């Protein structure tokens, strides 16, 4: 997710890397446990009644737990990792005077104390990896943006084990940020609202940006999809910059329709820190160098993201709003509109300060809520996140990772084999 405040750039590459269900006989053929062997007709009884023989009931076999993910992803992650040990992200050493953190006994002890915190993040990251790797093979031109977004979101909910249809369930685990499917010059914060019929085209450049959370620990990660190799350099520039720095991005050029464009960084979009249940924690990581000297601190979580464009490298609010989040510092004011009171109650019970979109309200059976929702925005209780777009006719790309600043090392928690 893009933010628009300024602080310190991060260089990821310079960091050194430390290191169907099987069918089982169900044994449920009808068995009469009280059945007797039939006596021969007319046979005389001799002494005590004949011994009754019972048929042995076949033992039920436990169905084996799934060992691989289904297609589409529907196997809860707890079944695939029954011991609760989820994959570790890419661990990177601190540099210079902070390198000693890796062997410092006090820091190592603090790292071990963060076990629950790390488990939540690593589980969310593995959900993100499994869903996005499936999505990259599943998404094709001709699909509607609604189908794409809902396919990703339904998979996330299935893998976390929380469908979000009862009050409070979405606060336990599930979507940490609505699925953005921003096309071409639109760089971020676009997801279809109800009734949207937009389809993905062969020549489109689509940014797929979604978050997964476990107990409010949000893993925010994004990638870009294209179906025409003409855009390869644009994607390579942005992916490279996410790992090594912006100067790398602006050394790339891309030729589209016979015209050559320099890939520009979108200078007013930034990375950001992430707090529990809060996608934007207040600090930002600008794409371009600025004067802000705000520093990252031990224990913080950051979304490091870069955006490249063939346009002006500057985005403005555009199109219909779909993304919202209740402000953590929302004022306590009296609301006059009944619809505003009602929809705020739904937001509090189901999302808290987690971001949501209009489709999530539709899914909960809400209707005729837009007036009330807009009233919450103008009252400063809910923040609206409009789509962010460069000039028409331009193409934008995005890559994003979540990093944890652990006491001993930095962990790129969302790193995968894809990016």
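Any Cβ shown, glycine's included, is placed from N, Cα and C.
Here's what TrEMBL has on this protein:
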- 189, 280: substrate binding site (BINDING)
- 209, 220, 400: divalent metal cation 1 binding site (BINDING)
- 220, 272, 305, 400: divalent metal cation 2 binding site (BINDING)
- 11-24: compositional bias 'Basic and acidic residues' (COMPBIAS)
- 30-42: compositional bias 'Acidic residues' (COMPBIAS)
- 49-63: compositional bias 'Basic residues' (COMPBIAS)
- 121-306: domain 'Peptidase M24' (DOMAIN)
- 1-89: region 'Disordered' (REGION)
Go through the binding-site residues 189, 272, 305 and tell me which ones have a CA within 10 A of the CA of residue 400 (divalent metal cation 1 binding site).
305
Please report the Cα separation of residue 189 (substrate binding site) and residue 305 (divalent metal cation 2 binding site) in Å, rounded to an integer.
14
Cβ neighbour count (within 10 Å, all chains shown) around residue 280 (substrate binding site):
24
Find, among the binding-site residues listed as 209, 220, 305, 400, the one whose Cβ has the highest number of other Cβ atoms within 10 Å in the structure shown.
220
Judged by other C-beta atoms within 10 Å of its C-beta, the most isolated of the binding-site residues 189, 272 is 272
For residue 305 (divalent metal cation 2 binding site) and residue 209 (divalent metal cation 1 binding site), determine the Cα separation and express it in whole Å.
11
Among 209, 220, 272, i.e. the binding-site residues, the one with its Cα nearest that of residue 280 (substrate binding site) is 272
